[in-house]
Amino acid sequence: MIVNSLSLCYHNKLILAPMVRVGTLPMRLLALDYGADIVYCEELIDLKMLQCKRVVNEVLSTVDFVAPDDRVVFRTCEREQSRVVFQMGTSDAERALAVARLVENDVAGIDVNMGCPKEYSTKGGMGAALLSDPDKIEKILSTLVKGTHRPVTCKIRILPSLEDTLNLVKRIERTGISAIAVHGRNRDERPQHPVSCEVIRAIAETLSIPVIANGGSHDHIQQHVDIEDFRQATAASSVMVARAAMWNPSIFLKDGLRPLEEVMQKYIRYAVQYDNHYTNTKYCLCQMLREQLESPQGRLLHAAQSSQEICEAFGLGAFYEETIRELDARRADLLAKTPEAVEEPAEDTSGIIKMAIRFDRRAYPPQITPKMCLLEWCRREKLPQPVYETVQRTIDRMFCSVVTVAEQKYQSTLWDKSKKLAEQTAAIVCLRSQGLPEGRLGEESPSLNKRKREAPDQDPGGPRVQEPALPGEICKKPFVTLDSSEENLLEGC
């Protein structure tokens, strides 16, 4: 996907803000449906992106940037190619340019996060830490402007002093960036503090480039008409909406907010169509439900442990099944057209024990997996640890793993979405062929449970091993323990 150089205009636009864990592809597409002109992805760290490989996903019709562990870090599609802005977290000009060149043919703009106050960002010299180093800001932005053919922007917070703020933004403007987004709070302020509209106004009146006002959710923006009021209060060219859009993306719709259940169902459809990980889907839906998490539907969402269960909670079970059938058919069609891309494990298959099975996470307790059970059995039998060898098909990026135990190989004939799932499936084949328990609900290994309970007492002075989250904690935690700093994280940093 290639779009015209420097074609993105930041004048008089409604913009979806970058939000950690929220600004993934389903939310961006939904915001575009409801009237957003520009959508930002969540902040992605430069070092993480530089480990990624660009992959064209023909099954989903997307472009994926995939980490070495096979996790999709950034996914985009043709629908948003001329309106999506890639936001990075960086503290180094050369790394920033390398990331920009990696993604520039698949996005419409490049943005640098210079406002996130969270420790994970500032400790690395990124986010709000850059505000105290204008020389580094200038180097990063100048390097990007000169080195990429996409419009470059940055998103900042204001400084405690208006004079210092204006001096900084004037220096930023001289780097040649196309626009600047301003969150009207300083790095120590949180959403409960009032947004400084007058400071954003002073910036807008000082600069000649578009100024994008941010930080007005809740206090100023509760419905669509409020967006224009906030723009006028700040004299900004455009408005960037974060939390209000996270709560209900139809805030961008001129005709007014749509019913929340309708919005959530539309979001879920995009999540399934684009194979969004269910934990991310669940998190975003929880942000929309907010105080309704204790409702019957909220409890169903709370308990959901897969995309299918999320769909069933919202009456979309049939849609899920139909979509999966369509994706499977598309995958099979692609494989049929390119048989040379169907890769089998490199080993001689004559001695491999095979079964047509897949690992289903829902059938196992949160703390127990087939791989754990197989490893424990090997230890008891004084056998070498299991050895997993995994291959990936080029055409659909599916995985198949072969596990070797006591010189015997085991493999499933069904391919999985990830290397981790494929390894779990191979472990199941081995365990079932030996008639061994695999840790399914109701048949947990006593030795595994014993090891789990005794672990904290083995070395009282050593580091504690964090237990995996219980089902639903991903959904529930933000609304039980969400403090002001966490809310600030959602405001787009």
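The backbone N, Cα and C atoms fix where each Cβ goes, glycine too.
Quick look at what Swiss-Prot lists:
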REGION    1-333  region 'Catalytic domain'
BINDING   P18, M19, V20, E43, Q87, K155, H183, N214, G215, G216, A242, R243  FMN binding site
ACT_SITE  C116  active site, proton donor
REGION    367-371  region 'Interaction with tRNA'
DOMAIN    369-436  domain 'DRBM'
REGION    420-424  region 'Interaction with tRNA'
REGION    438-472  region 'Disordered'
MOD_RES   S445  phosphoserine
- Query: What does DSSP call G215 (FMN binding site) in the simple three-state scheme?
  - Reply: coil
- Task: Output the one of P18, G215 that, of all these binding-site residues, has the highest number of other Cβ atoms within 10 Å of its Cβ.
- Result: G215
- In DSSP terms, the region 'Interaction with tRNA' (367-371) comprises 2 helix, 0 strand, 3 coil
- DSSP says what for the region 'Interaction with tRNA' (420-424): how many helix, strand, coil residues? 5 helix, 0 strand, 0 coil
- Query: Going along the chain, which residues at least six beyond the ends of the region 'Interaction with tRNA' (420-424) come within the CB cut-off of under 8 Å?
  - Reply: 70, 358-359, 369-371, 388, 390, 399-401, 403, 412
- Taken over the domain 'DRBM' (369-436), the predicted model's pLDDT averages 93
- When you measure from the Cβ of H183 (FMN binding site), how many other Cβ atoms are you left with inside 10 Å? 31
- Message: Tell me the coarse DSSP state (helix, strand, coil) of A242 (FMN binding site).
- Response: coil
- Cβ neighbour count (within 10 Å, all chains shown) around A242 (FMN binding site): 27
- Integer Å distance between the CA atoms belonging to C116 (active site, proton donor) and H183 (FMN binding site): 10
- Item | Pairwise C-alpha maximum, in angstrom, for the residues (P18, M19, V20, E43, Q87, K155, H183, N214, G215, G216, A242, R243) that bind FMN according to the record | 20
- Hey, how far is Q87 (FMN binding site) from the residue listed as 'active site, proton donor', Cα to Cα, in Å? 12
- Using C-alpha atoms only, work out the spacing between P18 (FMN binding site) and the residue listed as 'active site, proton donor' and round it to an integer in Å. 11
- Between the C-alpha atoms of G215 (FMN binding site) and C116 (active site, proton donor), the distance in angstrom, to the nearest integer, is 13
- Message: Tell me the coarse DSSP state (helix, strand, coil) of P18 (FMN binding site).
- Response: coil
- Message: Let's check the environment of Q87 (FMN binding site): how many other CB atoms sit within 10 Å of its CB?
- Response: 26
